[in-house]
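Copied from TrEMBL, the annotated features are:
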- 57-79: repeat 'ANK' (REPEAT)
- 100-124: repeat 'ANK' (REPEAT)
- 134-158: repeat 'ANK' (REPEAT)
- 168-192: repeat 'ANK' (REPEAT)
- 202-226: repeat 'ANK' (REPEAT)
- 236-260: repeat 'ANK' (REPEAT)
- 270-294: repeat 'ANK' (REPEAT)
- 304-328: repeat 'ANK' (REPEAT)
- 338-362: repeat 'ANK' (REPEAT)
- 372-396: repeat 'ANK' (REPEAT)
- 406-430: repeat 'ANK' (REPEAT)
- 440-464: repeat 'ANK' (REPEAT)
Amino acid sequence: MDEFVLQEILTQPAYQVTRAFINAQLPESLPQNTLERYGKLIERLWQSDQKNLYNKEGMTLLHLAAKEGTIKIIRFFLNSLKGHETILRPFVEATVTYRYNKTAVHLAAAGGYLDVVQWLVEHGKANVEATDNNGWTVLHYAAQANTLDVVQWLVEQGKANVEATNNGGRTVLHYAAVKNKLDVVQWLVEHGKANVEATDNDGMTVLHYAAVKNKLDVVQWLVEHGKANVEATDNNGWTVLHYAAGKNKLDVVQWLVEHGKANVEATDNGGRTVLHYAAVKNKLDVVQWLVEHGKANVEATDNNGWTVLHYAAQANTLDVVQWLVEHGKANVEATDNGGRTVLHYAAQANTLDVVQWLVEHGKANVEATDNNGWTVLHYAAQANTLDVVQWLVEHGKANVEATDNSGRTVLHYAAQANTLDVVQWLVEHGKANVEATDNGGMTVLHYAAINNKLDVVQWLVEHGKANVEATDIDGNTPLNLAEEGKHKKITEYLKKKM
């Protein structure tokens, strides 16, 4: 076969079928002169232009053969380069840039090709500890691919480091657990002596990963045989149970509590319990089980005083909200450290269905105020949740003129936040007083002007008939505040209206 044609077939991705055919037809051993002839071809190509040995994807014959598991081509190539060590080494150690700088042995391990891995290591002297751009060793790839025979060989014969970590700090055992490779997990722990409590850069143990991925058999084995710590926490203080609950892994949650004796009331760095996470993630079955069987505290609060119901309401998990109130007997009027109720958060998050249910069925107090005197309507207006504002006023009978501790009405906050549609509705339908003043004598127009809300300023003046001459207790008009804030367009507009 023409040497150029042979080289094209062996290096170009499009010829995979042809390579497979050649691999099948190659005898176990070839005449020495054939091997020498091909070796000289590679040497000539190397000396003339090394680029000839790579395809457009930056892969050599060795990369392709390793990726495809064509062992006979691997043997043919390595045997032909005996005596050409200066050429062989760069081939074996070459990395594929577009594939995260993997070497040929990385590709072989990822494909589960034990015979290729063996040849590359034993005859090509491939480095089993070579890492790609992400810090993955050959053993990482073998573990992820669930190729137990490759894992065993790399550790026992290749002397691969079981505790090697990638850029994320994850060990080989982390990946085996993630991929639900129980046989690999067992072997690495029992024979490879892998550290079950190894943590990655985020502080996550192998058990954390097994729980996240809902690998119940791996979770069970790690706890019962690997003696993994069920209460281990990551950098955020999350336990294994936090992860299982947040990911809706009910079977894992049940096993961890019933058999692993996991602490249902464990809290993370923010004071959040397992139930907080289950609620915010809308995992109703997990919420139910934790309360009914795990005896989780429905009224547990985090560092900010948020109950489980606060989280569920803000996350718009209506079914969880309903169950917590009706069956968990959660307190609808519970307040956080800032005095905010569940309804405050539901309104701010624009979760209208939750707002409606809390008021109509949970009997939540629409006029409840936080530590600053803000009502639920204040929160809805500032957050520009028009549908919630409308419903609270029309159906919840919320007081449009309610004032906070500073004397600001709902309209003050809507104007300040530049929520023009809310401003319009409050004035036209809610009959909000445009001239209402706060404790400092500032009108709604003062707030719109000082906060550079031109469209609100224009609407208040032209449609709300706001008084442009109104003064606060310091004698400042809206124009004075606009000038002070260097709000040029509002300044020009108000001057024309004076």
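Backbone N, Cα and C define each Cβ position, glycine as well.
Caution: TrEMBL annotation is automatic and unverified by curators.
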Give the nonlocal contacts of the repeat 'ANK' (202-226) in its own chain as ranges (CB under 8 Å, at least six residues past its ends).
168-169, 171, 173-174, 177-182, 185-186, 189, 196, 232-236, 238, 240-241, 243-244, 247, 249, 251-252, 255-256, 259-260
Can you work out which residues elsewhere in the same chain, 6+ from the ends of the repeat 'ANK' (236-260), have a Cβ less than 8 Å from its Cβ atoms?
202-203, 205, 207-208, 211-212, 214, 216, 219-220, 223, 230, 266-270, 272, 274-275, 277-278, 280-281, 283, 285-286, 289-290, 293-294
Any residues 6+ beyond the ends of the repeat 'ANK' (406-430) with a Cβ under 8 Å from its own?
372-373, 375, 377-378, 381-384, 386, 389-390, 393, 400, 436-440, 442, 444-445, 447-448, 451, 453, 455-456, 459-460, 463-464
Does the repeat 'ANK' (168-192) come near the repeat 'ANK' (338-362), with 3+ Cβ pairs under 8 Å (pairs 6 or more apart)?
no
Near the repeat 'ANK' (134-158), which residues from the same chain, at least 6 beyond its ends, have a CB less than 8 A from one of its CBs?
100, 105-106, 109-114, 117-118, 121, 126, 128, 164-168, 170, 172-173, 175-176, 178-179, 181, 183-184, 187-188, 191-192
Determine how many residues of the repeat 'ANK' (168-192) DSSP places in helix, in strand and in coil.
16 helix, 0 strand, 9 coil
List the helix, strand and coil residue totals of the repeat 'ANK' (236-260) as derived from DSSP.
16 helix, 0 strand, 9 coil
Per DSSP, what is the helix/strand/coil residue tally across the repeat 'ANK' (134-158)?
16 helix, 0 strand, 9 coil
